[in-house]
């Protein structure tokens, strides 16, 4: 654990911000606010990240993931007093800020609202944003917690508003801490009352494939492409089947290429293919270059409309699928599973992709996936059979030769 002791907040005491450097690309933040007597008055630790979908200058859409809070500061966080309620304010990156407001009633306190601001003028994060400036999304939360209880929600929670999806998990928070002692009594969110499984957003390795019920019909294979000023820069051919679990209900969607729109973009070291349809708000595949000589599928962002009118969204920016040399394409004829999270997988069929170095709008030589390796068993089996036949012929020859000599000896 690496801890940074930060300067005092006016009117409060010191704030201790601890960044637990784990195996994931997101940081677990632990935040203590102390009052003028150095007693803890507000405690929180949590994990989070954000995906932001924005329009580019060429009228396409891109999605970026924000998960690095290593530069976080806390300016504006306060314990609260008779005039002001407690709040946590975190600044990070280039113009990002995140605020949580708390309110208090007689026997309860509430996580009242969460605000998130980002600056599309930042040319590093939003290099080609159509609209420039600071944008803010605010979501009313309204979680009520008994006073002197710690609110805990290990399960994944999401907030979606105006193209921004906020993901939270491993949340522990207590406002209005009494006598400077953080409570050991926990008040659980509804998801934690029914499940103890935490759905991770990012990981350092590809998650293990998860078995899901598959419909009898195979999804239709669609062809997708992205163009820039130099012509076609990305090619993709694949059948796509989405498998996801929401509120313990498993759903399966076959992507119909005939009713699916697609767009994307190409950069020297990254490329985006984005699909959308009547029931898929967006399905983004983000490719990246690694080691200067290979490409791979680095990120998937998805948002699906559910039958009850709500939206299921998930993102993972630390994947490692579809790896192939630059200048070639990646191909997998058999069914393959991309595990984005424990709750969402993509089954692909007759897959072929080339996100970089497309020449004359055509695929380059393909590198087959490991799932196709069993095709090499055919020549091996044939060779083994021929070897067996040869051995039998030789045995028959030597047996015949031996009998022939035995006949001469008897004579």
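Including glycine, each Cβ sits where the backbone N, Cα and C put it.
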Stretch carrying region 'Disordered' according to TrEMBL (options 155-177, 178-200, 201-223): 201-223
Of 352-375, 376-399, the range TrEMBL labels transmembrane segment: 376-399
Cβ neighbours of residue 153 (disulfide bond) where a neighbour is any other Cβ within 10 Å: 22
Count of other CB atoms lying within 10 Å of the CB belonging to residue 189 (disulfide bond): 16
Between residue 369 (disulfide bond) and residue 189 (disulfide bond), the C-alpha gap once rounded to whole angstrom: 42
Per-state residue totals over the domain 'Lysosome-associated membrane glycoprotein 2-like luminal' (30-177) - DSSP helix, strand, coil: 0 helix, 92 strand, 56 coil
